[in-house]
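Peer 1: OK, TrEMBL features for this one:
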DOMAIN    644-700  domain 'DEP'
TRANSMEM  90-114  transmembrane segment
TRANSMEM  157-177  transmembrane segment
TRANSMEM  198-221  transmembrane segment
TRANSMEM  233-254  transmembrane segment
TRANSMEM  266-287  transmembrane segment
TRANSMEM  307-325  transmembrane segment
TRANSMEM  337-361  transmembrane segment
TRANSMEM  373-394  transmembrane segment
TRANSMEM  406-427  transmembrane segment
TRANSMEM  433-453  transmembrane segment
TRANSMEM  524-541  transmembrane segment
TRANSMEM  561-582  transmembrane segment
Amino acid sequence: METANSYVLIHGKNISHNTLAGSAVGPHMSIDKLFPALLECFGIILCGYIAGRADIITESQAKGLGNFVSKFALPALLFKNMVLLDFGNVIWAFLWSVLVTKVTVFVLVCVLTLMVASPESRYSKAGLYAIFATQSNDFALGYPIVDALYRSTYPEYLQYIYLVAPVSLMLLNPIGFALCEVQRWRQASHPQHSTAGILGVVVLQNPIVFMVIVGIISHFALGQRIPAVLSEFIDGLANSFGGAALFYLGLTMVGQLRKLTRDTGVALILLITAKLLIMPLVCKDMVDILDVGVNSTSANHTSLSNFAFLYGVFPTAPSVAIYAGHYNMELEVVTSGMVISTFLSAPIMYVSAWLLTIPLMDPTPLVTELENVSFNISIVSLVALVWTIAVMLLSRKFNRLPHLFVLNLFLAQFLVCVSMILWNFLVKQEDNLVGKILTFTLLYGSLYSTYIWTGQMALYRYMQFKYVEWLEYCFCVCRVPFLMVGGLLISGERTETIDSAFFYGRAQVGTTIRSVLSQQRNKILTVLPCLNLSSCLWWLFNKDPGRLYLELQFFCAVANYGQGFLSFGIFGLDRHLIILPFKKRLLSLWQSRETEDLSPSAVPEEVRLTCTHFVRYHKDQCVQDIVHTRRYEYQLSVNASTVVFRGCDLVDWLLERGLCSGRIEAEIYGVHLQHGGVLDHLTGQHCFRDEPTLLYCFIPGKDEPKEEDKQDRR
């Protein structure tokens with residue numbers, strides 16, 4: 001197809017535009033529905049994380065939910081869609097592209113791991129790492145995103161999610177499981193190698209793989225329909241998957257990053273790079289290569305290629321962490337990587353969808369679209385910053401010198417969001433020039449302040465001032481960015497653009513470069529100055545910046561007006577001001593609701609038997625072994641103290657005495673003792689856990705003397 005280029009004046013320069021491509025291609029994605037879909041998915045994930053972090057749902061309860069999701073809801077969902085799949089409306093080139101991509105990445109990760117890993121864990125690492133890099137969270141997170149983007153334009157893409165799932169579930173994952181089984185047999189004291197045994201473990205004992213096979217067979221046997229007698233039952237299980245899976249994903253994220261060590265960091269970076277960077281790029285290229293013929297010159301080809309890229313960006317499925325836990329291998333890397341890849345996937349998917357859409361958009365209204373993106377991000381970031389500033393003020397941390405700089409940064413970010421929201425309304429009023437200039441001054445004075453304050457934070461350790469001198473210094477620093485904007489207003493030549501990034505033309509670009517360079521001292525924030533500096537230099541040294549310049553402007557908008565997300569993530573959830581009081585309040589509400597039902601009949605039979613057996617046969621010896629030999633004093637009042645023990649101490653003792661076969665089983669044993677009233681956390685804020693930082697004590701029974709009385713009698 002021949003191309004015809006025209007030019008559109010944006011930011012004072014001609015941007016080349018392929019008119020034939022722009023006119024021939026219609027809207028491929030409902031991009032306006034992407035943000036609500038991301039908000040829905042990650043909102044449910046956040047609810048699950050909060051429930052796990054606040055101990056509303058314990059670890060053992062979360063495992064029960066995980067078993068339901070992976071052994072009932074997901075198999076039913078896969079069976080239903082395998083039966084109903086319409087093979088006649090499938091572009092098979094897409095399936096082959098995903099197949100080749102996943103096999104390539106799987107083999108690459110597997111071979112490299114086998115080459116560099118130590119012999120003690122070579123096969124398990126190769127199997128689990130390869131699964132990590134290729135199994136996407138297709139159903140819980142991927143399907144809602146695809147549904148939001150393509151339901152009104154290409155609804156047939158929704159069934160591709162179920163079509164490509166067997167590539168991992170039936171072809172690649174069994175290979176990874178087989179490698180893990182090989183590693184398990186090599187570590188066993190009496191290894192017995194059996195090919196049939198491996199096949200039975202990785203296929204027949206996996207309900208997901210098994211139901212995919214049954215679903216495909218039923219597709220042809222039942223004529224692409226589910227019998228009415230089974231339809232409602234299967235629909236009930238399948239429909240329960242979406243919310244439950246996302247909620248469980250949030251639960252699995254609690255405490256996982258603490259398992260990350262420096263030794264596993266390199267492996268984690270390489271795996272996330274393979275999953276979120278190499279996978280989408282190779283997937284898109286394979287569609288471009290294999291999708292030839294009818295689609296090669298049509299809008300379908302471009303849309304399918306973009307869909308392949310988005311599919312590759314889907315994060316790793318939480319079931320990979322379940323696999324690692326099942327084999328008790330590589331838990332640190334897999335669980336931490338699952339959390340990080342999930343969090344990174346949200347901005348990557350949002351930005352990728354916009355960037356894939358930009359080349360197909362008419363460049364004339366593109367600046368308006370970028371302003372809308374800045375406006376939407378500013379609103380959400382403003383809410384996050386209000387919360388973060390309130391936490392900073394209520395915790396009184398701003399009285400400490402490092403946090404004084406941080407508070408100034410938060411205030412600057414707050415003003416940036418407010419100014420952008422005002423700019424979005426004032427820019428549409430042609431006769432309000434004074435309002436535009438004042439809003440522009442506040443916007444860019446605050447934006448330059450964020451650059452300068454992050455740079456000043458890096459210099460704090462080298463400065464020796466008293467607190468009053470720090471206040472004077474902060475006041476001087478606050479004036480600098482507004483003086484820069486004042487000079488811009490005097491020397492710059494105002495344009496008629498609605499884009500605040502080019503309101504004063506070339507002079508504004510130069511001022512932005514100078515302010516960005518002041519931030520380069522702070523390296524955990526290098527991305528933000530690099531984006532802004534690249535955008536300015538690209539404009540200065542290119543006669544025709546091209547459409548890539550507009551895409552770079554989008555990145556800059558996300559980075560500039562979304563700073564509040566980073567601030568909220570680091571400072572918004574103060575442990576002593578937010579987390580602990582929230583947990584205490586929830587516990588008090590929960591306990592007050594259950595005070596009416598404290599009779600022995602209210603305790604489950606399993607818990608009652610465990611507590612009775614422990615108190616009758618093991619408690620005295622346990623006190624003698626772990627309380628008297630591993631003493632931890634916790635002052636309760638001026639004249640009294642109680643002897644306490646750590647959660648990990650009780651777990652160690654249960655394993656030494658042979659009451660439990662593993663640490664997970666011993667932790668569940670401790671939870672039963674807590675529920676039965678045998679022991680409790682010192683402050684009543686935590687369930688029993690196998691952790692060295694949580695302290696517990698035994699609770700005396702009605703006819704049992706306290707520990708201090710026992711010691712006095714002796």
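Placement of Cβ uses the backbone N, Cα and C atoms for every residue, glycine included.
Tell me about the setting of these features in this model.
Peer 2: Sequence-distant contacts of the transmembrane segment (90-114) (same chain, at least 6 residues past either end, Cβ-Cβ under 8 Å): 122-123, 125-127, 129-134, 156, 159-160, 163-164, 167-168, 171-172, 175-176, 179, 271, 274, 278-279, 282-283, 286-287, 289-292, 295, 300, 304, 307-308, 311-312.
With a cut-off of 8 Å between Cβ atoms, the residues of this chain six or more beyond the transmembrane segment (307-325) that come close are 66, 70, 94, 97-98, 101, 128, 131-133, 135-138, 140-142, 145-146, 149-150, 154, 157, 160, 164, 173, 176-177, 180, 208, 245, 248-249, 252, 256, 275-276, 279-284, 286-287, 331, 334-335, 337-338, 341-342, 344-345, 348-349, 352-353, 356.
Note on the transmembrane segment (373-394): residues 35, 354, 403, 406-407, 410-411, 413-414, 416-418, 420-421, 424, 554, 557-558, 560-565, 567-568, 571-574, 577-578 of its chain, located 6 or more positions outside it, place their CB under 8 angstroms from a CB of the stretch.
Distant neighbours of the transmembrane segment (433-453): 405, 408-409, 412-413, 415-416, 418-420, 422-423, 426-427, 477-478, 480-482, 484-486, 488-489, 500, 503-504, 508, 511-512, 515-516, 518-519, 528-529, 532, 560, 563; these residues of the same chain sit at least 6 beyond its ends, with a Cβ under 8 Å from one of its Cβ atoms.
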